[in-house]
Structures are given as C-alpha cells and as structure tokens.
Amino acid sequence: MATTNAQIYQQSQMPIPMPTPSLNPNINSAPTPGPNAMSVYEDCQSPLDTSVSGMYPGDRGSRVVSQPAPLLDQSHLRPGNQANLLSHDRTIELYRENAKKTNDPELIFEFSAFMIDAAKAMIPPEQEKDTNPSPALIKQMEKREEIIKEATSLLKRLADRGFPDAQYFLADCYANGIGTARGKQDFDRAFPLFILAAKHGHPDACYRAGTCCEHGWGCRRDSAKAVSFYKKAAVGLHPGAMYRLGTAELNGALGFPRRPKEGVKWLKRSAEHATEEFPHALHELALLHERGIENVVFVDNDYAAELLAQSAELGYAPSAFKLGECYEYGKMGCPVDPALSIHYYNISAQQDHKDACFALTAWYLVGSPGVLPQSDTEAYLWAKKAAELGLAKAQYAVGYFTETGIGIEANPQAALTWYKQAAEGGDKRAAKRLATGSRSSALDRRLEMEALKEEKRLGAANLAQRSGSGSGASGKDGKDGCLIM
C-alpha cells in the first residue's frame, strides 16, 4: 500500500543522513579459494615502502571564504588525525605479513583491494592537477604507484587462477585508469577480464560487460550481446542492469520495440533492489507516476513523492533536487515547507548539482524566518559554485552580484567576465547587459531587489504570525519576481 504524502512529510522531519560511499562499493564478496591458489605470493617482488602517512585528510579547519558553508555542518563530530589505533602504513604491513603467512587467496584479495583504496586516498584531487609538484608530493606519488603496482600484481595472479572477484576488481581498475599507462582508461585490458568474471556469473561483471558491448569500449558495439549480458546480470538481481533493460524497453533502444509495459516491469524490479550506486529506477518511476502512461502507469503523486524520498535517502541528487522544489512550491501534493526544501536542496547541492546550488542562492537571498538566516555572502558563494559548474543563469547572477556588490566587493570589470560566460551559455539578460554597457540600470535593479527582499521578509513574518508557526511560511514566496533568478 502506497505511503501518503502526509506520512512522507512526517517521516521527513527526521534528517536524512548524507550518503558516504564505501571505499570499495563494487565488491560483493571475497572469492572462494581454489585448489591451485596456495602460491599467489610466489615470485612477488620484495616488499615496497608503502608508508601512507597523511593518506586521509584530517579535520577541516575554518571554512575558506571562497566556498559556501554546508547547511548541516557536523565537522565537530569528526575524529582527529590521531584517531586511528594503527597508522595506515603499519596496517598495510600487518596485512602483508598475514597474507604471506597464510597465503589465503581471500585474504590476499582483501589486501589488494585495501591497497588500491589506500592509494586512491593518498593524494587529494586538487593536488593531482598540480603542474609544479613539490618534492614531497612527487615522493608521495611515487609511493602511490608502488602500492598500485604491488596490488595489481597480486590481483593478476588471483585472476589467472580463476577468482572472479579479482578478475572484476582488476578490470574495474583498468577501466578507471588505475595501474595503467599515464593513468588512462584501458578498456582493451578491462573488457576481457569483465568477460572472464561474467562467465563465472559475477553480476557486476555481467553488467559492465554489457555497457562495454553497448558503447564499444574495448570491443565493437553489439546491442544483442549487450542485452544478453544485461539479462544475465538481471538474473543476479543487478539493479543497474534491470534499469537499463527497462529504459531500453520504454524507449525502443538496444534493438527492442517500444514496449512501455515491459519497461515498467523492469524498472519496478530494479527499484526493489535499488542501492546508493543504482537508485535511478526509483527516480524514473516517480517521474512516470507524476505524468502517467495511458493504460500502463496511472498518475499517483503520493506514490511518486514516496519514490523520490526513497531515492533521495540513497543520495540521488536529481531526486533530492526535485523534492526540494516540491516542498518549496507545494508540488505533487507536498506541503510548502522551507526547512524540508532547503534540506533536500542541500543534499543535492553537496553533490554539485548546479540547479540545487542556485536554488540555495535564492533561499539565502531572502532567508526563511526560523529556518535560514538571510545572507548575501552565502547567496553569492552558492551562485558562484553553480556558475563554476556551468549554469548560465548562475553566471549571470554572479556577474550581477559582482557588479553591484552583493555578497562581495563590487568589481565591474570582473562582472563583465561573468556576463560574457553567461551570454556564451545562452543567457539573454547577460547578452543584453553587455549590449547596453550601462551600469546605472544594474544599480536600479539592485535597489528594486532589496525592496523585494524586504517585502518578502515582512510578508513571511506576517503569515507566520497569523498561522502561529514560523515553519509553515516560505520567505521565498514570489521568487519568480526576483530579477536575477
């Protein structure tokens, strides 16, 4: 029986935790030892220096002003750098000693996977792009390569002995540029390993082999083979494979005729087994129940909202963004609730969903009594984040903020750069602003916007006073009248 919007609304008062991806989300289980698996460590090269001190970042310090503040900041709950009982280099050494001592293939596989995950975390992404690395960073990079080399060497030996999890994990490494020349994706090496693991019935490998056949990664494109692998993965209840079969049936892709009824069946099966990695079917079913398909899917906003909530709980940014809109504007039968709207927008924005970032800009411009304090600085920072993600209307907004001094010191020259980016992205207001070249109109618009913000704050406060509750009124009512949104 479908949950009502009222029930969803009550349940949603509990905060939804931000999803934390596991270090190794693709491995379901360790391989079963085989009869010839006792010499995996034979002929391995001598142990390497695998000290990985500083592998994990410690506590965040004070927030850099160039980044928007997280709305639900729980950084004070994080452990410090000394929270680990053992240093990571010591952990790797103990792992290695145990693996050598027992020569247990399962333990060796776990050790290899641990080393790969450790290597991934050794260097922050921003330092990866450093064109002039320091000697310390160069040493850390060399150490990381040594760890990856040892791990992939062990995985190769396990894969050669027929361990499907090792075959899949190594293929996944190659597909993501780990253990390859210059860190480039190597599907020519990955695809055969996906095939080997798929022959053992490995669901993830079947799915990945299907994607390779569909897109021609490491092989020629072959829709029939792709469907065959997807169906084999679906037998293993792989949600991604079931979702792809569903969308193919819905849209008439991969050689299927357009069969909405069959497509919906696959989507429902996928939704029943949705995970953080594959929540897509929940979102797609929600959209279908929002608009309906004649004689196939009936319109049911309550059920659609329930599906979106389930998907958002799994951390799917598009679902969280859509729920943010629903609770902002009262769509799909959801009550207007600024707190829930901001909450869901935040979940989405933390995953770099550009429209969600810009939605938070709008909320910060006007604030919400008892929920979110008004802040021009935060409005600017969220707009800047959305602009950097390529949203044209956010680029225009940043130009406007920069020109008129909202949340940042006024700088007309810097504003022109943002206007140009917005115009190139198709924003007509930016093109018009560049054509007129007049700053007076922008200043007039700022005065008008300040008056609009004050009007909204007063209106929201009056409504809250009449209703006896500060959470039932949106300080963002009439946002469409805002001159920059």
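In case you wondered, yes, glycine gets a Cβ from its N, Cα and C as well.
The model shown is predicted, which means the values in this text are computed figures rather than measured ones.
Swiss-Prot assigns the feature region 'Disordered' to one of the listed ranges (70-95, 200-225, 460-485), namely 460-485. Per DSSP, the repeat 'Sel1-like 5' (317-353) is made up of 28 helix, 0 strand, 9 coil. Confidence for the repeat 'Sel1-like 5' (317-353), expressed as mean pLDDT, is 97.
Counting residues 6+ beyond its ends, the repeat 'Sel1-like 3' (239-275) has Cβ neighbours under 8 Å at 203, 206-207, 210, 214, 223-224, 226-227, 229-231, 233, 281-282, 284-285, 288, 293, 296-297, 307, 310-311, 314 in the same chain.
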